[in-house]
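Before I ask anything, let me first share the structure, which is written out below as structure tokens.
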Amino acid sequence: MNSKDCVVIGIAGASASGKSLIAKTIYEELCRDLGTDQIGVIAEDAYYRDQGHLSMDQRVLTNYDHPKALDHELLCSHLRELKAGNAVDIPVYSYTEHTRTDEKVTLTPKKVIILEGILLLTDPALRKEMDASVFMDTPLDICFMRRLSRDVAERGRTMQSVMSQYTETVRPMFLQFIEPSKQYADIIVPRGGKNRIATDILKARIQHLLA
């Protein structure tokens, strides 16, 4: 499989901005068009660095909204391997243990790879691997309310810990790294993951790249 046979789409934006929703929508609709074995989704979160050598007290102090928390080098390597026609083993990250598990998820080469993550557009090397990129431009207050509900319900977090993390790292890192990366996006999507027009534009772009 040559690189031109694999289209990589990056979907970035603040935490809880609608990235996963639009990625899921694109995935499901392209699966109907191309087949389920031709589309893959990679979450940037899977590439948080392994912290198994640290105590839990040390792990919770990590700034997970800083680019250094992520192993983008491994992600870039995996994208290049997929483009070359090789399968890759993607790490599995535990939000409750704040480190990688011993498990891996094998991903085989696909026609379309959808990346989604908060810091994708901050890395020049990652941007070079993308054929098109999207930034979810959702107001921060809406993102915060969604994140609060999600992290308490799904990730074993307390309300106080989510609020503290937001004020100490999430919001400052968004302003320092994530929002400035919007300039590198090909498509800026307002109103979250349910923006049907933006979804159709992105699908059309993918189909054009595959033609």
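Each Cβ is built from the backbone N, Cα and C atoms, and glycine gets one as well.
Fair warning: this is a prediction, and the values are worked out from it, not measured in the lab.
Taken from Swiss-Prot, the feature ATP binding site applies to GLY13, ALA14, SER15, ALA16, SER17, GLY18, LYS19, SER20, supported by sequence analysis.
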Give me the long-range Cβ neighbours of LYS19 (ATP binding site): same chain, 6+ apart, Cβ under 8 Å, in sequence order.
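Expected: ILE11, ALA12, GLY13, GLU116, GLY117, ILE118, MET136, GLY193.
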Would you mind pulling the DSSP three-state label for LYS19 (ATP binding site)?
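Note: LYS19 (ATP binding site) is helical by DSSP.
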Just name the winner among GLY13, GLY18 (the binding-site residues) by count of other CB atoms within 10 A of its CB.
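When each Cβ's neighbours within 10 Å are tallied, GLY13 leads.
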Per DSSP, to which secondary structure element type does ALA14 (ATP binding site) belong, with helix, strand and coil as the options?
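In three-state terms, ALA14 (ATP binding site) counts as coil.
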Can you tell which of SER15, SER17, SER20 has the least company, meaning the fewest other C-beta atoms within 10 angstroms of its C-beta, among these binding-site residues?
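Counting other Cβ atoms within 10 Å of each of the binding-site residues SER15, SER17, SER20 gives the minimum at SER20.
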Enumerate the residues of the same chain, GLY13, ALA14, SER15, ALA16, SER17, GLY18, LYS19, SER20 excluded, that satisfy the criterion Cβ within 8 A of the mean position of the Cβ atoms of the recorded ATP site; list them in sequence order.
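Result: ILE118, MET136, THR138, CYS143, ARG146, GLY193.
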Let's check the environment of ALA14 (ATP binding site): how many other CB atoms sit within 10 Å of its CB?
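Neighbour count, Cβ to Cβ under the 10 Å cut-off: 26.
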Which residues in the same chain, at least 6 apart in sequence, have a Cβ under 8 Å from the Cβ of ALA16 (ATP binding site)?
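Long-range Cβ contacts: THR138, ILE142, CYS143, PHE144, ARG146, ARG147, ARG150.
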